[in-house]
Structures are given as C-alpha cells and as structure tokens.
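K.L.:
Encoded as structure tokens, here's the structure I'll be asking about.
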Amino acid sequence: MGEKQILDADDIRRAITRIAHEIAERNAGVRDVALVGIRRRGAPLAMRIAAALEEIERVRVPVGVLDITLYRDDLGIRGPAPVVHATDIPFDISGRTVVLVDDVLYTGRTIRAALDALTDFGRPARIQLAVLIDRGHRELPIRADFVGKNVPTSRDERIATRLHEVDGGVDGVFIVRTTATSG
C-alpha cells in the first residue's frame with residue numbers, strides 16, 4: 001500500500017484562497033453567506049475559508065459544524081455503534097446562502113446526508129458546495145460549486161487528507177493505493 005502526495009500545505013493554502021475568491025465572486029460578496037463544515041475535516045477547512053473571506057472582503061462570515069452520522073445511508077454497514085458528535089450551527093441558516101464544506105467529494109453520499117441534516121436547521125435561500133478535492137466516481141447527481149483540485153482516481157485508490165487541526169503534523173493530501181497490484 002503506497003501513497004503519493006498530491007497537495008502540500010502551500011497548495012492547500014492556495015486552493016483555499018482561490019475557493020474564497022470564487023465564493024465572494026459567485027455571491028457578489030459575502031453579506032448573506034454562511035459556511036458549514038461537515039465534521040471532521042470539512043470543519044477546519046470551513047474555518048480557513050472564513051478567515052480567507054474575512055481577509056478578502058473585510059467581513060466575518062459565520063461558520064458552523066455539521067455532524068451527519070445519523071443521516072448516512074450506510075449507518076448499519078459501518079458498525080454497530082456510531083459515534084455521534086455535536087452539530088454546532090450558532091446562527092439561523094434560513095434565507096442565507098449556505099456553503100457546505102468538505103475535504104473530498106467522491107460518491108456524493110456524504111453530501112446527500114449533509115443536505116438532509118442541514119435542512120433540519122432551517123431553509124437556506126441556496127446551498128452551495130465547496131470541496132478541497134473532487135475525485136469523481138459519483139453515485140448521486142451531486143457536483144461541487146467550488147473545487148480546490150480535481151483528482152481523477154481509480155476505485156482501488158483513496159484520498160487521504162491530513163489537516164493539522166485534526167491530524168496534527170503538517171497539512172497534505174495524498175493518493176493511497178488500497179490494494180496491491182500484480183506485476
């Protein structure tokens with residue numbers, strides 16, 4: 001099982017800055033924009049995007065954290081006792097543009113669960129999606145509005161995102177081969 005680094009800390013910083021510029025441009029500013037990071041690695045990415053938006057627009061954008069554990073369609077498959085974490089959305093999402101943030105977009109099932117969970121908290125005017133990595137292989141008709149990097153992968157590869165807020169150490173994104181190849 002090998003891994004290959006595809007983004008380092010500087011690449012991630014540049015991607016976040018670009019995503020922040022795109023969010024501000026697409027929404028003609030950030031007056032009614034809020035960010036909601038999907039728990040685990042989407043949450044620190046949302047905080048970083050918010051910091052970049054504040055630097056660009058001189059406006060503090062509200063940030064929340066969404067736990068989707070009980071909304072997943074693979075709940076029974078993943079194990080007997082899922083660990084549920086707190087959702088923290090300390091603002092009203094109704095009438096706002098909410099940008100959902102996650103680290104990797106793959107099948108679309110995590111985002112479907114996040115949409116279900118998010119709408120339990122109100123009725124946003126619109127929901128947009130920002131991801132650091134889009135790796136393809138969609139199973140649902142979901143696409144990201146803002147993408148740090150498109151990384152085509154095979155089904156026997158996965159993307160490992162490491163963020164210092166969650167994992168310690170240095171930021172990076174890696175392609176990890178999950179099965180041995182015959183050769």
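Cβ coordinates come from backbone N, Cα and C, glycine included.
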K.L.:
Looking at the ranges 33-45, 98-110, 111-123, which is given as motif 'PRPP-binding' in Swiss-Prot?
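P.N.:
Residues 98-110 are the ones Swiss-Prot records as motif 'PRPP-binding'.
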K.L.:
How does the motif 'PRPP-binding' (98-110) divide up by DSSP, counting helix, then strand, then coil residues?
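P.N.:
Going by DSSP assignments, the motif 'PRPP-binding' (98-110) contains 2 helix, 8 strand, 3 coil.
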K.L.:
Which residues, given as numbers and ranges, are at least 6 beyond the ends of the motif 'PRPP-binding' (98-110) yet have a Cβ under 8 Å from it?
P.N.:
23, 33-38, 41-43, 45-46, 49, 66, 68, 72-74, 118, 124, 126-142, 144-147, 159, 161, 163
